[in-house]
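Visitor: Annotations for this protein, taken from TrEMBL, read as follows:
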| type | residues | note |
| --- | --- | --- |
| BINDING | 12, 14, 94, 237 | Zn(2+) 1 binding site |
| BINDING | 14, 15, 16, 40, 131, 241, 253 | substrate binding site |
| DOMAIN | 58-292 | domain 'Amidohydrolase-related' |
| MOD_RES | 94 | N6-carboxylysine |
| BINDING | 94, 131, 165 | Zn(2+) 2 binding site |
| ACT_SITE | 237 | active site |
Ligand code: NCD
Ligand code: ZN
């Protein structure tokens, strides 16, 4: 059996720089037509010059695959001139509250103070992508941020606000209430709960921000994804860290899913008899939210078992050493 997806899109991806970029970029570039690339490098991507150089490095690392990096700027109080100059080169601006996740130092510390810049983004029709977590108790951080999303959705009705990597049923309910809200959901938050991370032996490779939540949250996210709920987009949040930063006291947050995303999504949708809605979830919903047409790129998966490697370079992937039922057909390039 075979399934072909048309221009699958990963709407939230970490590619890093240097040797890590060389390892991970071809994996996403083989399977996806385009991806929204996160700007949380060290230092973050805050200038057009750095953004264009990073884009060039990604395109080079993605060779020989056809792959469109959709670039983001790290949120700051940019002036109108710099946003106008950046606009043709970006898909959005990514806002991180200061210190909530990997490489988010220098993010926003006063959420009220950003509103003039949000007004500017709204006027320039530049989407705002948000890591929506408070600094509260780890399981409540997303829930505590929802009123912020709601305030912005009301105050900036023409601004597209993307709630990145949502993990709770509450976020899904908010999504339904405001047409200017959109959201991404990861593969791992459709599959795991906090029990998989810390319910038995501690599993550092499943530790990420936002932390995986309760079974009822996962059920709600899965139901929404399988239904290809409008404005809910696939965004992997694939976030590679070297094994010595994961298997460590002080484990870095991030799950590296890039090489197994499409096989696991096809398997998940097939098991729930929802394969006909996978195209909308991995591509069409994002096209509608962002109003863009990706380059044509058919990606075919075949029902054929393969074993996920233990490592890609220095990184341990999601489902390492496990056997998957679907394989991406390697394109002739
Ligand atoms: C991401 C990373 O490693 O850059 N980590 C994560 O746990 N998801 C950052 C992020 O998206 O929060
Ligand atoms: Zn991320």
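Note: Cβ is positioned from N, Cα and C throughout, glycine not excepted.
Just so you know, TrEMBL annotations never went through curation; they're auto-generated.
Could you give the neighbours, burial and distances for every feature on this list?
Guide: Around residue 14 (Zn(2+) 1 binding site), the same-chain residues six or more apart in sequence whose CB sits under 8 Å from its CB are 37, 38, 40, 237, 238, 239, 240, 254, listed in sequence order.
In the three-state DSSP scheme, residue 253 (substrate binding site) falls into the coil class. Its Cβ taken as reference, residue 253 (substrate binding site) is surrounded by 17 other Cβ atoms within 10 Å in the chains shown.
All chains included, 27 other C-beta atoms sit within 10 angstroms of the C-beta of residue 94 (Zn(2+) 1 binding site).
Other C-beta atoms found within 10 angstroms of the C-beta of residue 237 (Zn(2+) 1 binding site) number 27, with every protein chain shown included.
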Visitor: Round to the nearest Å and give the CA-to-CA distance linking residue 16 (substrate binding site) with residue 165 (Zn(2+) 2 binding site).
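Guide: The separation of the Cα atoms works out to 18 Å.
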Visitor: Rounded to a whole angstrom, what is the C-alpha distance between residue 94 (Zn(2+) 1 binding site) and residue 131 (substrate binding site)?
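Guide: One finds 8 Å between the Cα atoms of these residues.
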Visitor: Fewest other Cβ atoms within 10 Å: which of the binding-site residues 12, 15, 40, 165, 241 wins that one? Let me know.
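Guide: Counting other Cβ atoms within 10 Å of each of the binding-site residues 12, 15, 40, 165, 241 gives the minimum at 40.
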Visitor: Considering only the binding-site residues 12, 14, 237, which possess a Cβ situated under 6 angstroms from at least one atom of ligand 1?
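Guide: The ones that qualify, in sequence order, are 14, 237.
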Visitor: Setting 94, 131, 165 aside, what same-chain residues sit with their Cβ within 8 Å of the center of the Cβ atoms that define the Zn(2+) 2 site, listed in sequence order?
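Guide: Apart from the listed residues, the neighbours are 12, 38, 95, 96, 101, 129, 130, 132, 164, 237.
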Visitor: Whole number in angstrom, please: the longest C-alpha to C-alpha distance across 14, 15, 16, 40, 131, 241, 253 for substrate.
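Guide: Greatest Cα-Cα span of the listed binding residues: 19 Å.
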